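Features of the protein shown, as given by Swiss-Prot:
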- Asp307: active site, proton acceptor (ACT_SITE)
- Ile93, Ser94, Thr95, Gly96, Gly97, Tyr98, Gly99, Ile100, Val101, Lys117: ATP binding site (BINDING)
- 87-439: domain 'Protein kinase' (DOMAIN)
Amino acid sequence: MGVANDSSPEYQWMSPHRLSDTVILGDCLYFNNIMSQLDLHQNWAPSVRLLNYFKNFNKETLLKIEENDYINSSFFQQKDKRFYPINDDFYHISTGGYGIVFKIDNYVVKFVFEATKLYSPMETTAEFTVPKFLYNNLKGDEKKLIVCAWAMGLNYKLTFLHTLYKRVLHMLLLLIQTMDGQELSLRYSSKVFLKAFNERKDSIKFVKLLSHFYPAVINSNINVINYFNRMFHFFEHEKRTNYEYERGNIIIFPLALYSADKVDTELAIKLGFKSLVQYIKFIFLQMALLYIKIYELPCCDNFLHADLKPDNILLFDSNEPIIIHLKDKKFVFNERIKSALNDFDFSQVAGIINKKIKNNFKVKHNWYYDFHFFVHTLLKTYPEIEKDIEFSTALEEFIMCTKTDCDKYRLKVSILHPISFLEKFIMRDIFSDWINGGN
């Protein structure tokens, strides 16, 4: 078996490890360790049998369960202080438009359903190959500002996730109906169900019921109760009415401390920043330096992330200073955290052309497209920026747009400012805390 050189753009077309019709990129040990804890073939009895099962319960029997002392604290929502992961389970932490994300131990596992009729499995590898290519070609500390997946499995059968979701949804429907003394039915209104679930999810009595019924009815080490409403919105969205939840990719990442958008004033101070605005300058500067260094690489001036925003920037511990040299300056970061760019699903660089982005963009773009969107999302996420007149005024230079050339913060026209625009921008006194170590 050959070894692929992942510093080459052609790496994405190679298949280092094959498993029948599946492919594993990266570290097989990490991947197989995670896969050994998943049952991709688990299925359940027909839903009508679940309905008959719940006919054995009524409001009185549920009250007796609620009176028990036993409670599995992993069924609280993760933002609840009472939440505690008592088992080595997969805990749902996020569902977005393109992936369902779980945490297990110190790993993050992302499942992505792919449109197999539009792309071959090897055309969906950008989330692994682009950051790996950049990491291996960048020479300085800037490479530390990239999140690289440890492993990626292509073309795996993922129907179990949709089946699991439906099983949990039906359990919750029947449980809530029993609590309310209603006639049992698997029919539901999205608005009514979400209202009922959101009203109960933080209740200790409801968590006691989940502690009883989830193991009995679901019997899985995948806990989707956390942020279940996000999963509901994903699977129930009208645009996926006829979607086939058949195959996709499984990606394994290191576990971050937070995503950048989760930091508020209190947490920024706790992390060692003088203010929330200083923290925002910190992540902006690190991302700007990363882009500048990427654009210095041969043939990489076509790099696009295509979704640069605070929740796609992750924060990790930083145990040593990060020093990045640019012309006659050096930028020194002594903070105990670092920011790192994540989620390269729609990215492209050098010879790695991403069909997803190619099909979506009608005009040519460069780094400015990403930073135009980034600044818009920063200002939306952090209105506190306006209190710093100098910083907010400077950021306005990235969003001098109108409704005709910008839609939902995304440029519709081609504006190809040279990367020197960004280089000059970060040399301003706004970032003096880090230029030459703050001296």
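Each Cβ is built from the backbone N, Cα and C atoms, and glycine gets one as well.
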Can you grab the distance from Thr95 (ATP binding site) over to Asp307 (active site, proton acceptor)? Cα atoms, rounded to a whole Å.
16
Can you see whether DSSP assigns Gly97 (ATP binding site) to helix, strand or coil?
coil
Give the mean pLDDT for the domain 'Protein kinase' (87-439) on the 0 to 100 scale.
94
For a quick check of understanding: among the binding-site residues Gly97, Gly99, which residue's Cβ has the most other Cβ atoms within 10 Å?
Gly99
Cβ-based isolation winner (fewest other Cβ atoms within 10 Å) among the binding-site residues Ile93, Val101:
Ile93
Chain-internal residues near Asp307 (active site, proton acceptor), provided their CB is under 8 angstroms and they sit 6+ positions away:
Asp343, Asp345, Phe346, Phe373
